[in-house]
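Trainee: Annotations per Swiss-Prot:
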- 33-36, 108-109, Asn113, 150-159, Arg190: CTP binding site (BINDING)
- Asp46, Asp48: Mg(2+) binding site (BINDING)
Amino acid sequence: MDHRLLSFISAPLPSLIASLARHGGFGAWFVGGCVRDALLARPSNDIDIVVGPGGEDLPRAVAARIGGSFFPLDEERGHARVVLKGEGASCDFAPLQGGTIAADLALRDFTINALAVSCGSDDLLDPLGGAADLAQRVIRACSAGAFAADPLRIVRAYRFAAHLDFEIHAATLALIPDHAPLLATVAGERIRDELFRMLDLPHAVPYVLKMSCAGVTGAIFGADDLPADTAAGALDRVESLCRDLSAFGTEAEPVRARLRQEVQPGITIRALAKLAAFLNGAGIPAGIASQRLMLGKAATRLLELLCSSARLTWPAPAAAPDPHALFTLFCHREPAGCEQLILPLAEGILPEDRCRHLAAYLTRQHIPRGGRLLLTGDDIMILLGLPPGRQVGEAIELLRAAQSTGEVRTRAEAQRYLAKKQLTTPEPLR
């Protein structure tokens, strides 16, 4: 047996699963991505197991032995997941399809995922030549009907190619244009998950361009005659900037950390910025993309702000930028942070020196809504003698503005500032 597979099946969790299956007297196989990644010597936190008749209780038995959490994914079809506590690893269990493991593997998307290792004999099962395709670094559909069975596999083909740095086999590529229109029938959240996983990779541009030339992105967003080169060019400029943030000077690391944050599960700000660049280049409104991809409210809002950032008239350079003007500008564009500078910088709309000034303000001075202030709401109620309500919120906003513009720098200054505002405001904070 290949030493990489031997290392995989000898690890504690696979070894336990295989032992339970052997003692239970039923067939079970490690399949798909975990076998592929083992052969590629790539780390993997997810294990997929196909279970033969009689092994229905295997997921619960595994969960009990490792102290993991059991989750039924589809009780009717017998799909279940076991999650290891504190390790981020999971095992997905599914019943055998088609009566034999060879028939089960033939129903899968690509040959590199149609690989299995038997829990009973530790043998590699490779009926479709997936190991050879791994060696040749190609993505090949398991059958001519693979895309008709699930059109999402078209997007997955490009995502796997980008993730593994593989090429899509010519015969598989030839199937894509005729099947791409079927993507209109695929649920938006399924497309979203695959698309954002690809966009979050550091070198997604060539694969997005190939998708566009094959009619895939046009089918996803309902855009005929999508300008593939223009859209890919816009994406390339932003992707390059996301890799090399030196244009942000001393703020590069805070910006990098910001781009890694998720705006909703599975969607980083970096990937959303790259999508915004592509949409602008393709002439696709952010609202249409948000609706098609079933984005949540926060991601929808941020995508709209990112798309509009390349059309915004940014403040002209000044020796001493007005902090009040900056506070007003960025308040109206919350929750966007430094990421909103990336598209205009990439398009040459925002000069690099001005970008650094704005990034410094956003990272060092501007306090977003909900950010930490010098005084809490309770502090303000005690200081001003206010009951809970609207006036406390108004006082918080006054303090946020004062801190963001540099008028207030210490707790004592904050107390004096609000006390003075209470005395001088035409409508007192009462």
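Using N, Cα and C of the backbone, Cβ positions are placed for all residues, glycine too.
Not measured: the values here are computed from a predicted model.
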Trainee: Express the distance between the Cα positions of Leu152 (CTP binding site) and Asp48 (Mg(2+) binding site) as a whole number of Å.
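Mentor: The separation of the Cα atoms works out to 19 Å.
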Trainee: May I ask which residues of the same chain, at least 6 positions away in sequence, place their Cβ under 8 angstroms from the Cβ of Asn113 (CTP binding site)?
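Mentor: Looking at Cβ-Cβ distances below 8 Å from Asn113 (CTP binding site), excluding near sequence neighbours, one finds Val31, Gly32, Gly33, Arg36, Gly130.
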Trainee: Between Tyr158 (CTP binding site) and Asp46 (Mg(2+) binding site), what is the CA-CA distance rounded to a whole number of Å?
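Mentor: With the alpha carbons as reference points, the distance is 21 Å.
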Trainee: Given a 10 Å Cβ-Cβ cut-off, pick out the one of the binding-site residues Leu152, Val155 that has the most other Cβ atoms nearby.
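Mentor: Per the Cβ count, the most surrounded site is Val155.
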Trainee: With an 8 Å cut-off on Cβ-Cβ distance and a minimum sequence separation of at least 6, pull the same-chain contacts of Asp46 (Mg(2+) binding site), or say none.
Mentor: Gly33, Cys34, Ala89, Ser90, Cys91, Asp92
Trainee: Once the chains shown are all counted, how many other Cβ atoms turn up within 10 Å of the Cβ of Arg36 (CTP binding site)?
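Mentor: For Arg36 (CTP binding site), the 10 Å Cβ neighbour count is 23.
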Trainee: Specify the count of other C-beta atoms within 10 Å of the C-beta of Asp48 (Mg(2+) binding site).
Mentor: 19
Trainee: For the binding-site residues listed here (Gly33, Tyr158), which one has the lowest count of neighbouring CB atoms within 10 Å of its own CB?
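Mentor: Among the binding-site residues Gly33, Tyr158, the sparsest Cβ neighbourhood within 10 Å belongs to Gly33.
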Trainee: Where Val155 (CTP binding site) and Asp48 (Mg(2+) binding site) are concerned, what is their Cα separation in Å, rounded?
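Mentor: That separation, Cα to Cα, works out to 21 Å.
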